[in-house]
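Swiss-Prot has this to say about the protein:
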DOMAIN    3-79  domain '2Fe-2S ferredoxin-type'
BINDING   Cys37, Cys48, Cys51, Cys63  [2Fe-2S] cluster binding site
DOMAIN    79-119  domain '4Fe-4S His(Cys)3-ligated-type'
BINDING   His95, Cys99, Cys102, Cys109  [4Fe-4S] cluster 1 binding site
DOMAIN    139-170  domain '4Fe-4S ferredoxin-type 1'
BINDING   Cys148, Cys151, Cys154, Cys201  [4Fe-4S] cluster 2 binding site
BINDING   Cys158, Cys191, Cys194, Cys197  [4Fe-4S] cluster 3 binding site
DOMAIN    182-211  domain '4Fe-4S ferredoxin-type 2'
DOMAIN    258-314  domain '4Fe-4S Mo/W bis-MGD-type'
BINDING   Cys265, Cys268, Cys272, Cys300  [4Fe-4S] cluster 4 binding site
Amino acid sequence: MAGKKTITINGVEMEASEEQTVLQLLNNSSIEVPQVCYHPSLGPIETCDTCIVSINGELKRSCSAELKDGDVIDTLSPDVKKAQVIGMDKILYNHELYCTVCDYNNGGCEIHNTVKEMKINHQSIPFDHKPYHKDESHPFYRYDPDQCILCGRCVEACQDVQVTETLTIDWERKRPRVIWDNDVPINESSCVSCGHCSTVCPCNAMMEKGMEGEAGYLTGINNETLRPMIEITKGVETGYGSILAISDMESAMRDERIKKTKTVCTYCGVGCSFDVWTKGRDILKVEPQEEAPANGISTCVKGKFGWDFVNSEERLTKPLIREGDHFREAEWEEALLLIASKFTELKEAFGPDSLAFITSSKCTNEESYLMQKLARGVIGTNNVDNCSRYCQSPATAGLFRTVGYGGDSGSITDIAQADLVLIIGSNTSESHPVLSTRIKRAHKLRGQKVIVADIRKHEMAERSDLFVQPRAGSDIVWLNAIAKYLIENGKADERFLRERVNGRDEYVKSLAPYTLEYAEEKTGIDQETLIQMAEMIGQADSVCALWAMGVTQHIGGSDTSTAISNLLLVTGNYGKPGAGSYPLRGHNNVQGASDFGSMPDRLPGYEKVTDEQVRQKYERVWGVPLPKEPGMTNHEMIEKIHSGQLKAMYVKGEEMGLVDSNINHVHAAYEKLDFFVVQDIFLSRTAEFADVVLPASPSLEKEGTFTNTERRIQRLYQVFEPLGESKPDWQIIMEVANKLGAGWLYEHPADIMEEAAKLSPIYAGVTYERLEGYNSLQWPVNADGKDSPLLFTERFPFPDGKAILYPVQWTEPKEFGEEYDIHVNNGRLLEHFHEGNLTYKSKGISEKTPEVFLEISPELAAERGIQDGTLVRLTSPFGNVKVKCLITDRVKGKEVYLPMNDSGEAAINLLTGSHADKDTDTPAYKETSAKMEILKHDGISPLPKINHRNGNPQPQIGVQVHKKWARKDYIFPGDAVKRGMGHNG
């Protein structure tokens, strides 16, 4: 059979694929072989020497041996067993077995399990303590060199999966050990706290601090007591068998009190899923699983360690009702009756459009569905929106124009396998850290090409093959110029255009102004570089374009998004693996909030409210008439409050009072509302203006689904009971609706999803049963459950099945005048999320990044006499901020960068204005200028020494195992067996 090999294993002949190693074949065939250092997500590391088998009569490491036709493999011979035991002996020389009192005795310790499986009763080489102390310096995990077996999993994960490139093994020492950067304490290194190392560690050497002293019944014993206990046990032990049996009993007992629950991350749009280990209300650790569809074993600092907010003392636990200038606690019944009374009163007096509703991109799909149903079906208004209006609506608009669906056209796996990745206006490694690891890995190990266009030199820019810095707001110019160049030079995919795309002629005409000369003049990118970009894109077999708020948050954001999609059509980069458009969604469920109808002009599944047949479908199921005119965007709502047309708002899980632009203007609007309801887990800045505050539950306290940036729908399961009297948002919305007479009878979020699936064609086959565990579905989903990981393989969702080249022109950015000479770019930092309402609750994160800072260029610092820690005031026409400076070459000239992670005097939206994308009302946050005033010259750097940005990474490929093999004290176990040696020294 083509592609198959005939293999003999332990005398049995079988067929196997040639695209695997011997160990993979053995594992797939359920043939047990020790493999302490091997991890499927890491590949062969070759450090442990326990996976040795006989291949054609020669002892070899099975993890790295490529399978060949005719191979004869023996896993049972005495020589194989001897070699494996020699490898295991060396591991036990480095690792002391005290399993019963070990926090890692939870059934997953590779050393414990391998000793048991190999039936090793005694080790030939006594354990020998290493001359190193534990490194406890990091807030989230610790390293115990004395227990480290030098398998290198952590190094492999850091170097080639996460690609932070912090960890190495110093093989030159007498007793090698893992080191961080140039051998500094963990907390002073370039470690980004992603947690990969502790996730893949096969034992207790690298472990989350949340586990220490908490996991076991006999753990947490102080060292003065523990050490004598271990020594006494060693003195009386009769063999490992009995000791391991006792530890297995203790491990089984732990299952009674340690709960492991699958959830989906509540932070960015990557959609990482993982198990949360808890004891009572304590979170012991987050444990990602290989089968997690978006992230596998990967996490970032927030997803792995940023959960302290769930148990914060600042959580809201009872409803609050305003009395004058303060709040008092109230019972649910009183709060709900007040809301129903006020909503009814205002609706009757001013009409349903005097009320407006904001749903949350932090909440579940089911909760977004209910919020828009409350607005439309109970109140009778289409005034409902979500925070995609602040970030992703322009990208959605651009994709609707050109390809018909407002979501990523493929999956993260497509991005990883692309020939070239084009990143525009996205600080991917900090905004979507796990997704960025897939690009960094492909770039490092596979030679994937990366082009970055951004005004700021972030990590992905530094790693890229080509980095260009266009003038702010000019991306559409170079995009159109490159498309024009490719078409005119015969480098467009003419067959794709002819067979699958409409509008070519009009589009080509629209490109006439976009010559290379014009593009150079307007963008600042020289013609030679523009041609280089065009040639790289044109020659690539497959291209993925990624973009984010650096594109969308401009007054021409929709048009630039359209231009990106146009360029992909010109080059035929839709409908095939490794290609397509990827507008990176910012929040965990900003995609889902829009998908499930929290938009003023769209019902769930993006069906238009103006479509009579669509409305009739919903009216039949909901049993009420629906409004037919599109409602207000959240941006318009603020203006309608000021004009007196909007009287009441219900805001759920959205910090509008900080994340909307021109927040002084927003706050003034809130004060004019007749009635304001805010539903949140904390008394947010927005909630401070409310008349009623309802205590909601975060994701760990409820069931539901999120939809990530790939259109991937995933289930989350309840980890904790709601704190105090807080409730899941879906229950609160239902109770509000029922006080208004709705009569809803949902018993579980699954009931809500079932209703949505009946109404919206793109969810037709979505059920909770199909989403069980780590299963997921990428919409559109057919009724039979078949989903769509890759869109547009056969047709585009337009009547004739063809995409559309949609002509767009450049809208120049807003001018602020010469007085405001500093351009204030803004965005995210890795450690914090948005205004920091969640992440500043984490002590460890706050220690590493306690405050925001203003990045300024060395040249601007020299011109103004600024140093690290200088306190400045930035003033725009709309407000001012006070913030400390940090000098860095990540920015240049009079470009500065102010992260959005502040809710006080440095909150970026004190500076931003109300101007917005002309097509979607998305605020033009990135078009902000200010003047600078020095308030205090001398100060302490806002970036602590322990921040990873001060580190010194050490890039290398993997663990450099050849350095181990070159050591004088190393002998390959296979050679030791040949020489008749009992162990390898």
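Any Cβ shown, glycine's included, is placed from N, Cα and C.
Non-local neighbours of the domain '4Fe-4S His(Cys)3-ligated-type' (79-119) in the same chain are 32-34, 36, 48-54, 59, 125-130, 146-151, 202-205, 207, 211-216, 218-219, 221, 226, 229-230, 233, 240-241, 243-244, 246-248, 250-251, 254, 258, 973-974, 976-977, 981-984; each lies 6+ residues outside the stretch with a CB under 8 Å from one of its CB atoms.
Note on the domain '4Fe-4S ferredoxin-type 2' (182-211): residues 36-37, 39, 41-42, 95, 102-104, 109-112, 135-145, 147-149, 151, 153-154, 156-158, 161-162, 164-167, 170, 277, 282-288, 297-301, 304-305, 433, 830-831, 844-845, 848, 945-946, 948, 950-954 of its chain, located 6 or more positions outside it, place their CB under 8 angstroms from a CB of the stretch. Considering only the binding-site residues Cys37, Cys48, Cys102, Cys109, the residues lying within 10 A of Cys201 ([4Fe-4S] cluster 2 binding site) on a C-alpha to C-alpha basis are Cys37, Cys109.
For the pair His95 ([4Fe-4S] cluster 1 binding site) and Cys265 ([4Fe-4S] cluster 4 binding site), the C-alpha distance works out to 34 angstrom. In space, Cys37 is the closest of the binding-site residues Cys37, Cys158, Cys191, Cys194, Cys268 to Cys102 ([4Fe-4S] cluster 1 binding site), judged by Cα positions. Geometry remark: Cys48 ([2Fe-2S] cluster binding site) versus Cys151 ([4Fe-4S] cluster 2 binding site), CA distance 6 Å. Taken together, the residues in the domain '4Fe-4S His(Cys)3-ligated-type' (79-119) have a mean pLDDT of 94 on the 0 to 100 scale. Excluding the listed site residues His95, Cys99, Cys102, Cys109, the same chain places Leu97, Tyr98, Tyr104, Asn105, Ile111, His112, Gln147, Cys203, Asn204, Ser247 with Cβ atoms within 8 Å of the centre of the [4Fe-4S] cluster 1 site Cβ atoms. The subset of binding-site residues (Cys37, Cys99, Cys154, Cys300) lying with their Cα within 10 Å of the Cα of Cys194 ([4Fe-4S] cluster 3 binding site) consists of Cys300, given in sequence order. The DSSP secondary structure for Cys109 ([4Fe-4S] cluster 1 binding site) is coil.
For the recorded site, Cys99 ([4Fe-4S] cluster 1 binding site), the DSSP three-state label reads helix. Closest to Cys265 ([4Fe-4S] cluster 4 binding site) in space, going by CA atoms and restricting to the binding-site residues Cys51, Cys99, Cys109, Cys191, is Cys191.
Residues of the domain '4Fe-4S Mo/W bis-MGD-type' (258-314) grouped by DSSP class, helix first, strand second and coil last, total 9 helix, 20 strand, 28 coil. A gap of 4 Å separates the Cα atoms of Cys197 ([4Fe-4S] cluster 3 binding site) and Cys154 ([4Fe-4S] cluster 2 binding site). Listed in sequence order, the residues of the same chain lying 6 or more apart from Cys154 ([4Fe-4S] cluster 2 binding site) and placing their CB within less than 8 Å of its CB are Leu167, Val178, His196, Cys197, Ser198, Val200, Cys201, Met206.
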